[in-house]
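**Q** Take a look at the following structure, please.
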There are 2 protein chains.
Amino acid sequence: MKDHPILKAARGEKTDYTPIWIMRQAGRYSERYRKIRAQAGSFMELCKNPKLAAEVTLIPIEEIGIDAAILFSDILVPLEKMGIDVSFVEGKGPILEPKAEKLEDVEKLKIPEPEKDLPYVLETIQLIKKRLTDRPLIGFSGAPFTLASYMLEGGSSKNYIAAKSTMWNEPELWDALMSKLAETVIEYLSSQIKAGVDLIQIFDSWMGVLSKDDYEKFVFPYTERIVNELKKRYPEIPIIHFGVNAGHLLEVNNRLSVDVIGLDWKTEIPFALERIDKSIQGNLDPVTLFADEKIIEERVRKILIEGLKARGHIFNLGHGILPPTDPKKAKFLVDTVHKVSKELRG
Amino acid sequence: MKDHPILKAARGEKTDYTPIWIMRQAGRYSERYRKIRAQAGSFMELCKNPKLAAEVTLIPIEEIGIDAAILFSDILVPLEKMGIDVSFVEGKGPILEPKAEKLEDVEKLKIPEPEKDLPYVLETIQLIKKRLTDRPLIGFSGAPFTLASYMLEGGSSKNYIAAKSTMWNEPELWDALMSKLAETVIEYLSSQIKAGVDLIQIFDSWMGVLSKDDYEKFVFPYTERIVNELKKRYPEIPIIHFGVNAGHLLEVNNRLSVDVIGLDWKTEIPFALERIDKSIQGNLDPVTLFADEKIIEERVRKILIEGLKARGHIFNLGHGILPPTDPKKAKFLVDTVHKVSKELRG
């Protein structure tokens, strides 16, 4: 397993082809996923059902021949065990309550003990690892800023007024919340690693809404704390760091001891390579899978050629695969990445 | 009027202070605006009522002492006269139909004659100009890509699947639509200039969702056509070009013959100045107006200092002012920009 191309690419070692996985690869674009989700009852029930969660995690291995599985779960799963009610309303996204608006609220939040509080996640990992022996399993967590945003906004947000004004106007509350989240993420990811994941991705999906100064001052230190602690505990486990619209944060994030930085499709690879010396992940526009195959191949080729200059390259979309995507196009993407990268590296 | 600081800053001439206007300055954060909008019946009826539209245009001049007025209207207003039904559904954004999905649909679209088809817009401009004699009036239009997105998606969009796949898969349809929109925008902005506006802003609000290659190939040429034609017809009228999340497009947009490039708050001014030699507009995060005054002043000062290095600087938010903003904070912003910039330039 240690020599799987995804792990080698993360470590910056030479590979025969460019490996690929896709964010949200076990998701709504797959009919089988939709059936299993219906069977589970709801999205959150599916996340908490190890047998079914393991089942959907493995779908893209079988259906599109992807190079790695990613644990089927949601970044909000651990928040429930901190003492936050998380519900998903169709078409409205998640609703979180109570909001972490006062220092007392934050003090009441618990740092979950994953083995005790989140056993279904760890059991899912163990079930997957039993069946998936030839490819890596990716574990993941949201980063403190993205989690804090959900907790302060009470759900998804367009403008992040609550998160940003807390950050600026109530530094003590902000630090307490972000510190607690950093501890939570450290323990959560450690437990995933102990349960068997081979590499991890930290999703700071919304960091790109912050100016560089704000990111550097109010967010980066907490992510750094997580990365440093994980690298101390598990130096052999590669870490990927990802967020969208974050080209302006590359120089700052290059200071993280992560192995891979994920890029969206607006952050061009040559631009990124001037700013970071990590391996890269990305970065095809997810909408490209609605283009004709000729166009997909052309764009994949360009990204693969640019990626050759990186320390290592894991192919991915620049954000999650979109629910209306035709699964045939996803399979075409995987095949094309393999074919063209072999040709380019051969 | 020709020597007003906004016009001088746009032309790159020295000014005694940094002038400021705010995107959506005549908007929902103002109680008087909300009252007049209720009186008009709906947002679209307000846009088409010259007396009331002129009235709301002037609110921020009186209420917050802003340096320029911007015509109260909406980028979708001219589309109605192309043959598209535009309706606003509360909380859902605009709904446009029919979608421009086939070449025949595009061929049927009319290029509006503003004097005949959009007289209320021009009348609004004339009414404002009669009352506003000491400050410039800004006219505006959406750019072809942003308008085409609305027309192809049938409204707002999260992923721009329809717009992008048309662009890639149906180049003939795309060119026909974008060409028609470019002609529409040229005539629409020309009529605004003839009616009296002193400078114009072209909103390509959503261009930032495109990769640089796509923007350069499928979007830039049409915006360039508009800018070149307007500069030929009205060389003395400054043009501002703006969109969000568009830091990766700066080098391309610097090739437009515009005078000013608007920046969002993620695009740092020093980064922009390495890529463009135009005057700049921006770029305070709109959420900053929810911070304490001390923080607002600190951030305004930083932007003003950075802006001193630009050819010219018009202060603005990095996107529209948010509806829940306290109007007192907007006034504080205007006063602070004036006070601090006088001090810095003095």
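From the backbone N, Cα and C atoms, a Cβ is placed for every residue, glycine too.
Feature annotation from TrEMBL assigns substrate binding site to A:Arg24, A:Gln25, A:Ala26, A:Gly27, A:Arg28, A:Asp74, A:Tyr150, A:Ser205, A:His319. Under the heading domain 'Uroporphyrinogen decarboxylase (URO-D)', TrEMBL lists A:19-28, A:138-154. The site 'Transition state stabilizer' annotation in TrEMBL covers A:Asp74.
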**Q** What residues elsewhere in the chain lie close to the domain 'Uroporphyrinogen decarboxylase (URO-D)' (A:19-28), defined as a C-beta under 8 angstroms and at least 6 residues from its ends?
**A** 4-6, 9, 34, 37, 56-60, 64, 66-70, 72, 138, 242, 314-317, 319-321, 323, 330, 333-334, 337-338
**Q** Can you tell me whether DSSP puts A:Arg24 (substrate binding site) in helix, strand or coil?
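**A** Note: A:Arg24 (substrate binding site) is coil by DSSP, not helix or strand.
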**Q** Roughly how many angstrom lie between the C-alpha atoms of A:Arg24 (substrate binding site) and A:Asp74 (site 'Transition state stabilizer')?
**A** 10
**Q** At 10 angstroms around each C-beta, which of the binding-site residues A:Arg24, A:Arg28, A:His319 has the fewest other C-beta atoms nearby?
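**A** Per-residue Cβ counts within 10 Å for the binding-site residues A:Arg24, A:Arg28, A:His319 bottom out at A:Arg28.
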**Q** Whole-number Å only: compute the distance from the Cα of A:Tyr150 (substrate binding site) to the Cα of A:Asp74 (site 'Transition state stabilizer').
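**A** Answer for this pair: 13 Å between alpha carbons.
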**Q** Looking at the recorded positions A:Asp74, A:Tyr150, which sits with the largest number of other Cβ atoms within 10 Å of its Cβ?
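**A** When each Cβ's neighbours within 10 Å are tallied, A:Tyr150 tops the list.
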**Q** I'd like the Cβ neighbour count for A:Ala26 (substrate binding site), meaning other Cβ atoms within 10 Å of its Cβ, all protein chains included.
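**A** Within a 10 Å radius of the Cβ of A:Ala26 (substrate binding site) lie 26 other Cβ atoms.
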**Q** Could you give the Cα-Cα distance between A:His319 (substrate binding site) and A:Asp74 (site 'Transition state stabilizer'), in whole Å?
**A** 15
**Q** Compute all pairwise C-alpha distances among A:Arg24, A:Gln25, A:Ala26, A:Gly27, A:Arg28, A:Asp74, A:Tyr150, A:Ser205, A:His319, the residues listed as binding substrate, and give the largest one in whole angstrom.
**A** 23
**Q** Would you mind pulling the DSSP three-state label for A:His319 (substrate binding site)?
**A** coil
